[in-house]
Ligand SMILES: CSCCC(=O)C(=O)COP(=O)(O)O
Ligand SMILES: [Zn+2]
């Protein structure tokens, strides 16, 4: 674990910042990065940690199938570990995965008329998402039904790989996943989706 200390310190600080934004109530949310030197390993948050106090020691190492690696035996990884494993496999350039439980994401993903996706159009900030170069774009953020069965859920995202090209998806009444090729990129995707979800929620309240 020593060789990832700097990255763990950096990500832990970011996780505490996310918590301060109110995107991580209770012990919710989880985070990971691909081990920079051993790509058969993922460094992921332990399960059930209050993110207010999250530190670099609250990570553990797992293999690409979610099994605790040598040195992390007996520690419980995030309950959503298999989602992280699947995303690293589907998108090999991914280095960081971030998962939040904000109020806008939780509420809007449960809205009946948006069962499959929320579509964002006309927003300037869309240009911060992969492959988008003008505000005159429509971006669909897929919504998948929440599921406690992670084996089944990972197959669902595998089957929907073609809908996951803009670095994020929602689990209904649960939260947002966003990823990127660096912490900066993953943070950008996460912040943009959280911002857009907040815009849409505010719009509903105005109407
Ligand atoms: C208490 S929140 C329910 C689990 C969840 O959705 C989550 O994001 C946190 O799970 P973990 O096992 O990573 O702590
Ligand atoms: Zn969650």
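Cβ atoms are placed via backbone N, Cα and C, with glycine included.
Curation does not apply to TrEMBL; its annotations are automatic.
TrEMBL lists 9-201 with the feature domain 'Class II aldolase/adducin N-terminal'. Among the features that TrEMBL reports, Zn(2+) binding site is placed at 99, 101.
For the recorded site, residue 99 (Zn(2+) binding site), the DSSP three-state label reads strand.
The average pLDDT computed for the domain 'Class II aldolase/adducin N-terminal' (9-201) is 97.
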